[in-house]
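Asks: One structure coming up, written as structure tokens, with questions to follow.
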Amino acid sequence: MDVTSTTAASASASGGGRWYTGMSADNIKGLVLALSSSLFIGASFIIKKKGLKKAASSGIRAGVGGYSYLYEPLWWIGMITMIVGEVANFAAYAFAPAILVTPLGALSIIISAVLAHVMLREKLHIFGILGCVLCVVGSTTIVLHAPPEREIESVTEVWDLATEPAFMCYAAVVIAIAAILVYRFVPLYGQTHVMVYIGVCSLVGSISVMSVKALGIALKLTFSGTNQLIYPQTWAFTLVVISCIITQMNYLNKALDTFNTAVVSPIYYTMFTSLTILASVIMFKDWDRQNPTQIVTEMCGFVTILSGTFLLHKTKDMADGGLSTSSSFRLPTSSSVRFSKQTDEDGEGIPLRSSESFRSLH
């Protein structure tokens, strides 16, 4: 018995045999919360859409300035569903590493696509089904090889990680590039190059997710009996979260208002998720607790999700081009900030999942 226990412990410590002992309890909680978030947010778009259509049948459509949907209970059910999803996503970062939570935001696309097919009679092409399968396969791959959550007992520990030279350099580079984009490139190329707006909100989004995770950890510890609200670091992270979310909302809305959503969504998901994973690897040193095989497998899973996401949005683009008799539906994308808005065919601004989320905020 002792030999077996020692062998299992050694395998777990090396990272290669961690799955013989199963996922960590925190990772399981984070996974359940992330999946719940995708389910609620994906469903919220369909519920709100049905509410909008019902309200439009007896009042002025939102697309022409009407607000009759505010009196429609179904629309409010959709809003409440979305809020529940956002809270679940926020909580997921407190239990699981960002490299696990953020990519799972793509699952909300699947939920929206499937429910739109069933409830709104919007046709799901064979390539859309393939995209859904790719997202599920990629998400499963990441879940099965995600690193265990780092043990943190105080928000000051997170602050120490955030102020280490490596992450400070990353944050400085991100802020510098974002500032150059905002003050130099946005006035000149913002209306013609989609990467300008998306670059700003993706860069800032990677910082916001790290701050969201820090704030989530602080609240988790506070609710468990160790008050973290007495530390100034908690409030510093809160200010960073608020500042980053406002910036992301601003520039993602500009991108969606200027460019085709079918172009913006997959590019934003790719950039935002990639930068978030990079920031998490630098700050929380996720890959230090894994072996090369697990890291490569995770990256393969991420690429698989990207392929599925692009395929889903390409299918939507085909429908917009007239190859489908169904109405157009704007699919949400993942990000760690998910308060950004996109306009559906009835004209109401609805939040865009980023994972992004708190994903995106997704």
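All positions are counted from 1 along the displayed chain.
Glycine residues also receive a Cβ, built from the backbone N, Cα and C atoms like all the rest.
Okay, so TrEMBL annotates it like this:
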| type | residues | note |
| --- | --- | --- |
| TRANSMEM | 28-47 | transmembrane segment |
| TRANSMEM | 67-84 | transmembrane segment |
| TRANSMEM | 90-114 | transmembrane segment |
| TRANSMEM | 126-145 | transmembrane segment |
| TRANSMEM | 165-183 | transmembrane segment |
| TRANSMEM | 195-218 | transmembrane segment |
| TRANSMEM | 230-251 | transmembrane segment |
| TRANSMEM | 263-283 | transmembrane segment |
| TRANSMEM | 295-312 | transmembrane segment |
| COMPBIAS | 327-336 | compositional bias 'Low complexity' |
| REGION | 327-362 | region 'Disordered' |
Asks: Can you tell me which of 67-84, 126-145, 195-218, 263-283, 295-312 gets the most C-beta pairs within less than 8 Å of the transmembrane segment (165-183)?
Replies: 195-218
Asks: Verify whether three or more Cβ pairs under 8 angstroms connect the transmembrane segment (126-145) with the transmembrane segment (295-312), leaving out any pair fewer than 6 apart in sequence.
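Replies: When sequence-distant Cβ pairs are counted, the transmembrane segment (126-145) touches the transmembrane segment (295-312), since at least 3 lie under 8 Å.
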Asks: Are the transmembrane segment (263-283) and the transmembrane segment (126-145) close, by which I mean at least 3 Cβ pairs under 8 Å that are 6+ residues apart in sequence?
Replies: no
Asks: Six or more residues out from either end of the transmembrane segment (67-84), which same-chain residues have a Cβ under 8 Å from its Cβ atoms?
Replies: 40-41, 43-52, 54-56, 58-60, 348, 351
Asks: Six or more residues beyond either end and a Cβ under 8 Å away: which residues meet both conditions relative to the transmembrane segment (195-218)?
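Replies: Sequence-remote neighbours of the transmembrane segment (195-218) are 90-91, 93-94, 98, 102, 152, 155, 158-159, 162, 167, 171, 174-175, 177-178, 181-182, 185-186, 189, 228-229, 231, 233-234, 237-238, 240-241, 244-245, 247-248, 251-252, 254-255, 258-259, 264, 267-268, 271-272, 275-276, 278-280, 283-284, 335-337, 340, 354, 356, 358-361.
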